[in-house]
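Trainee: Following this message is one structure expressed as structure tokens.
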Amino acid sequence: MAPLLFLPILQLLLLYCTKSAQAQLNISIGSSLTPQGINNSWISPTADFAFGFLAVDGNSSSYLLAVWFNKIADKTVIWYAKTSSNRQDDTIPIQVQAGSILKLADGALSLRDPSGNEVWNPRVTDVGYARMLDTGNFRLLGTDGATKWESFGDPSDTILPTQVLPLGTALHSRLLATDYSNGRFQLNVQDDGNLVLYLVAVPSAYYHDPYWASNTVGNGSQLVFNETGRIYFTLTNGSQINITSAGVDSMGDFFHRATLDTDGVFRQYIYPKSKQARSLWQEQWRAVDALPENICQTIQTKVGSGACGFNSYCTFDGTKNTTNCLCPQRYKFFDNERTYKGCRPDFEPQSCDLDETAAMVQYEMTPIDRINWPLSDYEQYSPIDETECRRLCVIDCFCSVAVFNKPSNTCYKKKLPLSNGNMDSSLQATVLLKVPRSTNSPSMISSGSSKWKKDKKYWILGSSLFFGSSVLVNFLLIFVLLFGTYCSITSRKKTQLSQLPSNSGLPSKIFTYRELEKATGGFHEVLGTGASGIVYKGQLQDECGTNIAVKKIEKLQQEAQKEFLVEVQTIGQTFHRNLVRLLGFCNEGTEKLLVYEFMSNGSLNTFLFNDSHPHWSLRVQVALGVSRGLFYLHEECNKQIIHCDMKPQNILLDDNFVAKISDFGLAKLLPVNQTQTNTGIRGTRGYVAPEWFKNIGITSKVDVYSFGVILLELVCCRKNVELEVADEEQTILTYWANDCYRCGRIDLLVASDDEAIFNIKKVERFVAVALWCLQEEPSMRPTMHKVMQMLDGAVQIPTPPDPSSYISSLA
């Protein structure tokens, strides 16, 4: 009887508990969360998922507002709050400190920092309550139960079963596993009905060509991860395209997720959930399918670095379904944690001033196993053998890798930066990497030692004979020297004048070698070096003590000896404010020297590339001056002069920072292999026009191309190629500038330059002109006359075509 009396009481208790549990499903108005303490998250009914504050990488000073798998030890994040940045199609993860608060009040959800400033809200009102569902979806609902906002509708990098991505939504990979910023890859359900995987430039967010697409333009509808674990793309006609094809594991036994990972692969994962599954499976996430199957082979982009960073290569482990980025030997990562930034050589780049013998002594080609950079070729030879292939790369300062294909006897040369690198087991070729030789090579030491022993006895004998006879010979030498000096001084200048084709247009002064040797103090103070020789500072013994710059022409090709004075005559006929003036010359036997006016402010290279930015107005003045100087050389001289080696080192600045072009008119005097290539290339790495690498005629447009590079350097106050920059996408200025221009983010190029930001319209105009100059097709580039007009603002500048293809032409 007594138990019957307790039955009504038991029923009441059960009813109370049921209603109490039901009430916990709803998160009511007035509820709040804080990063620290026990009240830091709202849990789903089964406790599978949680919404709230999660410490970033175990760091108790920084917290994400996120949704995560609550029963998994590492608290795998599946959603995190973001806010829009000022960059196109970019968002920034919300990270807050202790003292912040998330509160559901006044019909809205709001996150405020310790100072009370709102840092995030989902931008909905009239919220009646919230729910953390067992599907992993966090919802805000109205008092009528209608969904106002849900985390499934604002995905991050992951989707879960029952989640649907409609047209116009996207998944963004993280930059790193512990860096929740937008990464280098996107999965877009485009408005046009196409499902596309993109490689995205960082930080400009410029979209490169897709590396995978469903090809369903006009037919696609939505991406579905259904409740059974299948992922498919539905079409408007009701049919489906399977995105993953893995066998579906029980939803009751396993947690499921699909994530666009940091390496650009969209993977479906499972994790043992039930006791039975945990007894059979290791408690960790296991990838059961992936798209694309092998991203190392899939991404082959004309612009950008590929799956990994520049100068690195991608490897794929099919058994673990993982990728890895590695550096070739003698290269190292810019940042060991952020390997996407690529690799750089751990040795000094080869100088283009080395002759063939020096290059062969200092560098060698070493084989590397099955690694290929398929889109970095700039030269091809066939038929050829491997030995010659090696030699041609070693003596070419542009060449970093050679690939020899034995079946076809073909050699391909590649240059930095290397892109789209991957480990290719099917590659039927020998890949050779150029590296410095070891300076203490045993073979070199032993050969040198044996040679010394062999020649030692002959050296002693020869020295004895020489010194024994020197007393007698010295008397004769003194007499001959005095007499010869007298004759030489009286006839030297007459000899030089007799060699001239015509005296008209020559510089006003003809110097003897002795005069210039004395003026330069024995060629003591070096001002600079270039392809044509070394420049020394000197001072004339005139009333004013005029400072001069003396260039000693070196490595003059034999057939050009007679052309020297003709070229001096041509240069002597040039008179322009923006050209360095030739004061005189010396032509004594093999000694060829040019005497120029001295430029007190040195080269543009020194002026531009230092810790402080030169004033914007001075940079504009230099750009306009250089353009006028080139226009004069190309179109106003009696005989057109193509410079062929335009670079900041060949632009000098006078007392008033007026830009003056130097080294013009010397191009055809130099040996065609001066840059150590067999293609007749002249110029300097980073400034060379694409046509130098092709068997086509060279025109004045090669100077226009080089000017485009210089113009970007003037705008940004940095070199075209900088291997030490923090972001890999900024390594090559011409690529980065093109990305920024296409995205409408020119301000990124001059972010730390207040003067340039104030003149952002002119900056944009200069960048547009530069991109016109950088067109791969020479006929597409403007003349220097047109360039002058565009820089001055005298004509409208149409939008330049995207010069993406010039990746194959830059060094």
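Cβ coordinates are placed from backbone N, Cα and C, and glycine is handled just like the others.
Small disclaimer: the values here were computed from a predicted structure and weren't measured.
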Trainee: Among Asn242, Asn610, can you tell me which residue Swiss-Prot lists with the annotation N-linked glycosylation site?
Mentor: Asn242
Trainee: Of the candidates Cys352, Cys397, Cys399, Cys411, which does Swiss-Prot name as forming a disulfide with Cys389?
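Mentor: Among Cys352, Cys397, Cys399, Cys411, the record in Swiss-Prot lists Cys411 as the disulfide partner of Cys389.
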Trainee: Can you look up which of Cys308, Cys343, Cys352 is joined to Cys327 by a disulfide in Swiss-Prot?
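Mentor: When Swiss-Prot is consulted, Cys327 turns out to be bridged to Cys343.
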Trainee: Of the residues Cys308, Cys314, which one does Swiss-Prot pair with Cys296 through a disulfide?
Mentor: Cys314
Trainee: Considering only the glycosylation sites Asn26, Asn219, Asn226, which residue has the minimal Cα-Cα separation from Asn237 (N-linked glycosylation site)?
Mentor: Asn219
Trainee: If you count CB neighbours within 10 Å, which one among the glycosylation sites Asn39, Asn321 has the smallest count?
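Mentor: Relative to the other glycosylation sites in Asn39, Asn321, Asn39 has the fewest Cβ atoms within 10 Å.
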Trainee: Provide, as an integer number of angstrom, the distance between the C-alpha atoms of Asn219 (N-linked glycosylation site) and Asn26 (N-linked glycosylation site).
Mentor: 39
Trainee: Which of these glycosylation sites has the least crowded Cβ, counting other Cβ atoms within 10 Å: Asn26, Asn237?
Mentor: Asn237
Trainee: Between the recorded positions Asn226, Asn242, Asn321, Asp645, which lies closest to Asn39 (N-linked glycosylation site), Cα to Cα?
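Mentor: Going through Asn226, Asn242, Asn321, Asp645 one by one, the closest to Asn39 (N-linked glycosylation site) is Asn226.
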Trainee: With DSSP assignments reduced to helix, strand and coil, which class does Asn226 (N-linked glycosylation site) get?
Mentor: coil
Trainee: Rounded to the nearest angstrom, how far is the Cα of Asn226 (N-linked glycosylation site) from the Cα of Asn242 (N-linked glycosylation site)?
Mentor: 12
Trainee: Looking only at C-alpha atoms, tell me how far Asn321 (N-linked glycosylation site) is from Asn26 (N-linked glycosylation site), rounded to the nearest Å.
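Mentor: So the Cα of Asn26 (N-linked glycosylation site) lies 40 Å away from that of Asn321 (N-linked glycosylation site).
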